[in-house]
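Structure first, then comments.
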Amino acid sequence: MWSQLSSFFASKMDMVSTSDHASVVSMNLFVALLCGCIVIGHLLEENRWMNESITALLIGLSTGIIILLISGGKSSHLLVFSEDLFFIYLLPPIIFNAGFQVKKKQFFRNFITIILFGAVGTLVSFIIISLGSIAIFQKMDIGSLELGDLLAIGAIFAATDSVCTLQVLNQDETPLLYSLVFGEGVVNDATSVVLFNAIQNFDLTHIDHRIAFQFGGNFLYLFFASTLLGAVTGLLSAYVIKKLYFGRHSTDREVALMMLMAYLSYMLAELFYLSGILTVFFCGIVMSHYTWHNVTESSRVTTKHAFATLSFVAEIFIFLYVGMDALDIEKWRFVSDSPGTSVAVSSILIGLLMVGRAAFVFPLSFLMNLSKKSNSEKVTFNQQIVIWWAGLMRGAVSVALAYNQFSRSGHTQLRGNAIMITSTITVVLFSTMVFGLLTKPLILFMLPQPKHFTSASTVSDLGSPKSFSLPLLEDRQDSEADLGNDDEEAYPRGTIARPTSLRMLLNAPTHTVHHYWRRFDDYFMRPVFGGRGFVPFVPGSPTEQSTTNLSQRT
């Protein structure tokens, strides 16, 4: 009896140890692939066609083929895809770093345009893709898809891939396009996820005007509540670090607190069923404006590099896995008997997303140009074409949402669900490879640029966390002085320095709002939460050191 039990437990322990060892082997191989992506990406840095996203996709595809051959066609990936892995661990550092590095004044100066493209444009694209899916897919033999599935398809493919797009565009050569795509990408991802969650939470069997109003109200609530939560979390971190000043004893504590508070903002949004993307993005903006200036100089360097590095590794991880998962034999087995159907579905989806994007880029650009009096602020037709093209790429957000809707724990047993997942992967690969490769030549053809560009970003530039991110929305360098306290620094010559009447408010609302925000920020916010020029005098702090240096000079 005892011998049987001992042999039973011994066999179980062997199985567990074998499983653990297999996981260790998989992780070793995956980390080695990540290192390979970084090295190869560095070697191809000067290539006008390739970028980090395409490099990671190609390496992932090649690795998937090798694993397929070794396993005898049973598997193509080292890790099982998990929506939690993507949304909880990989996406937050990417979105937070985007907010942390953004040029705040330029982002909010064009906030209305970005919101129109990112929110209203995503709704237009969602409606067109959903209506097209309902009209076409219900007539095709692709399995049983309910109304919720068809509407979810609209949300899945309305999500552009801001990560890939920002790697394709060049910040030096096209600052205006980079900023529009950047801002739209963040708001677009948040809007798509909010739409997707709303579709899953509402009963779509009985649609009426009441459901439509509830849907709209829920969307607005999620948008503003998520933004407010991110701002409050960022302000809380700034206040705590400013009051306690951890740098007196250990810079490790203040760096750790900044990272944990940033991640806490995302998890709080998930806890309260809000949009984590919007929350962590605006938390990054607030922390770069207040918290970052309250820490020691060494902590500023550390956080600047740490957030950028985490974002970079997460991006490579995502594209590498998408490339490997594209050859998952389990999903392709369901469509092997009708490959033409899968190709047709993918082609229809690509056509719908192209039409859906054109339906809002050109009309909204036209409307925005009507409100701009200066030609330099208007979006030209060539720029509109580039914006439309750059937003055609789809990425990991679409893949994650498709897995969430059409699979359970990364697996699916229904033919219709398998077709939608394989079609999503096909669209992501095609759009990233084809549209991504052609974006750079298209920009060079449509918008020829001077050959010499100067970069104001250096590692030694400690004045702002935005030193990794070049100017947004304008064709001039925008230094940290633009975020200073003087209106003359904040507004260059030729722009409005101080609004004096209601007419000026109507003529230049963004300049007027920015002026009064600067006054409110200087007199109320910065004295409480800290920030540039408002760090309190604390023994051992940079304020004391700068005061000592000043006295020695005098």
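Using the three backbone atoms N, Cα and C, a Cβ is placed for every residue, glycine included.
Per TrEMBL, transmembrane segment is recorded for 22-44 (among others).
TrEMBL lists 31-443 with the feature domain 'Cation/H+ exchanger transmembrane'.
Summarising the annotation, TrEMBL assigns transmembrane segment to 56-73 (among others). Sequence-distant neighbours of the transmembrane segment (56-73) (same chain, 6+ residues past either end, Cβ-Cβ under 8 Å): 33, 36-37, 40-41, 316, 319-327, 329, 429, 432-433.
According to TrEMBL, the feature transmembrane segment maps to 85-102 (among others). Same-chain residues lying 6+ beyond the ends of the transmembrane segment (85-102) with a Cβ under 8 Å from its Cβ atoms: 79, 162-163, 182, 186, 189, 262-263, 266-267, 270, 276-277, 280-285, 287-288, 292, 307-308, 310-311, 314-315, 317-318, 396-397, 400, 465-466, 468-469, 472.
Annotation comment: TrEMBL describes 114-138 (among others) as transmembrane segment.
Residues or ranges marked as transmembrane segment in TrEMBL: 150-169 (among others).
Same-chain residues lying 6 or more positions outside the transmembrane segment (176-199) and placing a CB less than 8 Å from one of its CB atoms are 95, 98-99, 102-103, 106-107, 110-111, 113-115, 117-119, 121-123, 126, 148, 151-152, 154-156, 158-163, 165-166, 169-170, 215, 218-219, 222-223, 226, 273, 275, 277-278, 281, 379, 383, 386-387, 390-391, 397, 401, 404-405, 443, 447, 470, 472-475. According to TrEMBL, the feature transmembrane segment maps to 176-199 (among others).
The feature transmembrane segment is assigned by TrEMBL to 219-241 (among others). Long-range contacts of the transmembrane segment (219-241) within the same chain: residues 119, 190-191, 194-195, 197-198, 254, 257-258, 261-262, 264-265, 268-269, 272, 274-287, 289-291, 294-295, 528-531, each at least 6 residues beyond the stretch ends and with a Cβ under 8 Å from a Cβ of the stretch.
Per TrEMBL, transmembrane segment is recorded for 262-287 (among others).
The transmembrane segment annotation in TrEMBL covers 307-324 (among others).
For 344-366 (among others), the entry in TrEMBL reads transmembrane segment. Sequence-distant contacts of the transmembrane segment (344-366), counting only residues of its own chain at least 6 positions beyond either end whose CB sits under 8 Å from a CB of the stretch, comprise 116-117, 120-121, 124-126, 128-129, 132-133, 136-137, 140, 142, 153, 157-158, 379, 384, 387-388, 391-392, 394, 419-420, 423-424, 426-427, 430-431.
Annotated transmembrane segment per TrEMBL: 386-406 (among others), in sequence order.
The feature transmembrane segment is assigned by TrEMBL to 418-438 (among others).
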Contact set, same chain, for the transmembrane segment (114-138): CB under 8 Å, 6 or more residues outside the stretch: 107, 145, 147, 150-151, 153-155, 157-159, 180, 183-188, 190-192, 195, 223, 345, 348-349, 352-353, 355-357, 359-361, 364, 368, 387
